[in-house]
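Notes follow the structure.
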Amino acid sequence: MYFSCAFCFLAAGCGTPTILSFAELSKEYKNQTVFPVGKTVKYTCQPGYVKHPQISPTIMCLENQTWSEAQEFCKRRRCDHPGEPENGRVIVTTDLFFGSTVNYTCNEGHRLVGTSQRQCVTSSSGPRVRWSGDVPVCQSKYVVAGAEQPDKKPNTARED
């Protein structure tokens, strides 16, 4: 017995769409597991990302039953400058965009009070991004009763 089906490919389709780090599948498609060839699905940008204006946030189920390649249609949001401590500096290791980390160090004769790292994170009050924590303080190592003293070394003389 010979079986032929000229339109069987129409019943086939794609499985669950590609998982992206910068976007999530629109709610209307989240519970769907099979998509017909030719179906286009839409994504929305994850928190910390903003839609790139010239790139469509969609992918399509192709005839070979795979999803088209997703363009980077969401880009990371940029944090403002993280701030520099007095008597210290901020070290930007990569950039100032969502997910990046900066480090703080103090000048010689000062110690860091606070956290030495901050991260560009999503804001709890909307889609914006901000730096975690506060800018640390670089405090003189030689402070006595609230007054800064010249570089004094502890007395190492011994009485025998």
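Even glycines carry a Cβ here, placed using N, Cα and C.
The annotation domain 'Sushi' is assigned in TrEMBL to 12-76 (among others). Here the domain 'Sushi' (12-76) has, by DSSP, the following mix of helix, strand and coil residues: 3 helix, 24 strand, 38 coil.
Across the domain 'Sushi' (77-140), mean pLDDT in this model comes to 95. Residues or ranges marked as domain 'Sushi' by TrEMBL: 77-140 (among others).
Taken from TrEMBL, the feature signal peptide covers 1-21.
Applying DSSP to the domain 'Sushi' (77-140) sorts its residues as follows: 0 helix, 30 strand, 34 coil.
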